[in-house]
């Protein structure tokens with residue numbers, strides 16, 4: 001079963017941003033509980049993140065952490081499904097999280113395939129392996145693997161996930 005989960009990031013203080021198109025300019029109208037402000041001089045761009053993990057609970061947890069911190073998050077439970085999306089879809093992501101140990105394609109293989117496609121977004125590997133995936137990276141089984149930009153060990157703290165934004 002392939003599951004895809006999408007999240008829209010929330011702005012601080014439950015502030016909503018609504019984009020309005022005008023004849024010659026575009027403005028953002030920011031609305032919160034106490035005031036309405038309109039600004040035309042800058043736009044808010046939220047970073048897009050892809051999270052791949054065959055453990056749906058971990059995928060949702062990472063997406064929840066990211067989406068409540070101003071990221072737009074999409075989750076997939078299969079690296080194979082992610083690769084099938086192709087370069088155009090994958091290259092839109094600013095950051096990619098991947099589990100290391102997954103059934104069909106491990107996270108390090110997934111990174112190799114991403115780089116072969118030309119996707120250059122930073123990749124954060126998440127693993128519960130005691131050696132942080134070194135045994136998998138060093139395995140001589142004919143599969144091509146590549147190191148991530150950062151490795152987060154499970155169990156992780158919210159701060160560990162948010163530290164990944166330093167790669168943006």
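All residue numbers here begin at 1 and follow the chain in the order shown.
Glycine too: its Cβ is placed from the backbone N, Cα and C atoms.
Remember, TrEMBL labels are computer predictions, not curated facts.
Taken from TrEMBL, the feature domain 'Response regulatory' applies to 48-168.
The 4-aspartylphosphate annotation in TrEMBL covers 99. DSSP assigns residue 99 (4-aspartylphosphate) to a strand segment in the three-state reduction.
Residues of the domain 'Response regulatory' (48-168) grouped by DSSP class, helix first, strand second and coil last, total 48 helix, 25 strand, 48 coil. Same-chain residues at least 6 positions away in sequence with a Cβ under 8 Å from that of residue 99 (4-aspartylphosphate) are, in sequence order, 52, 53, 54, 55, 58, 107, 125, 126, 127.
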